[in-house]
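> Here TrEMBL flags 1-25 as signal peptide. Feature annotation from TrEMBL assigns Zn(2+) binding site to His89, His91, Glu95, His138. Here TrEMBL flags Asn127 as N-linked glycosylation site.
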Amino acid sequence: MSGPAHANYVLPFFFLFSAMGAADASSQCSDNKGPSGSPLVRNISDIPQSNFGRGGLAHITIAGALSYGMKEVELWLQTFAPGTRTPIHRHSCEEVFVVLKGRGTLLLGSSSFKNPGKPQELAIYSNSTFSIPMNDPHQVWNTDENEDLQMLVVISRPPIKVFIYDDWSMPHTAAKLKFPYYWDEECFYEPKDEL
């Protein structure tokens, strides 16, 4: 699929909903919530989703630092259309994936050398789980030609700071920082310099 992910296409297995029923993304920012940052119980089908300009991706922050006031962990629901992949990237947090549906490939490099090197290729599939070591470059790829790859993702130390690589031979020191990350941009607040 080359175009943007569509709301009805993204979550057919779990939660059917349309973008029209989703709340405005800015209403999800913790400044717009009560003292706890968000309601205690939420319906996932009411949480905004977007592809953030990345065709074939659908991302929902179920519980997050900037959107719901979380301090130690963040939880995402991500769906990748056939052939879709993340960029090669790393981050200084722990990350755990639970594959809900589909299959694909995890490519995992190393932070121990000058560059990520030739990555390990590991098969991922429905009901599998995997974790990414802190700062190890990785990429998740839906290698199935017909079925979506859907995963729950937990990260520590939110909001996430991502370093993106052009390829597996790019030196770690040349990776490009993306902060705030796409799904945190709406709620990110940077204090003004008072000088």
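Using N, Cα and C of the backbone, Cβ positions are placed for all residues, glycine too.
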> By CA distance, which of the binding-site residues (His89, His91, Glu95) lies nearest to the residue listed as 'N-linked glycosylation site'?
Glu95
> If one looks at the chain holding His138 (Zn(2+) binding site), which residues at least 6 apart in sequence have a CB under 8 angstroms from its CB?
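Sequence-distant Cβ neighbours: Thr86, Ile88, His89, Arg90, Leu106, Leu107, Leu108, Gly109, Pro119, Ile132.
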> What are the other residues, in sequence order, whose C-beta lies within 8 angstroms of the center of the C-beta atoms of His89, His91, Glu95, His138 at the Zn(2+) site?
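Leaving out the recorded residues gives Thr86, Arg90, Cys93, Ile132, Asp136, Pro137, Val162.
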> Among the binding-site residues His89, His91, which residue has the largest number of other Cβ atoms within 10 Å of its own Cβ?
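Answer returned by the neighbour count: His91.
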> Could you say which of the recorded positions Glu95, Asn127 has its Cβ with the most other Cβ atoms inside 10 Å?
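Counting Cβ neighbours within 10 Å, the top one is Glu95.
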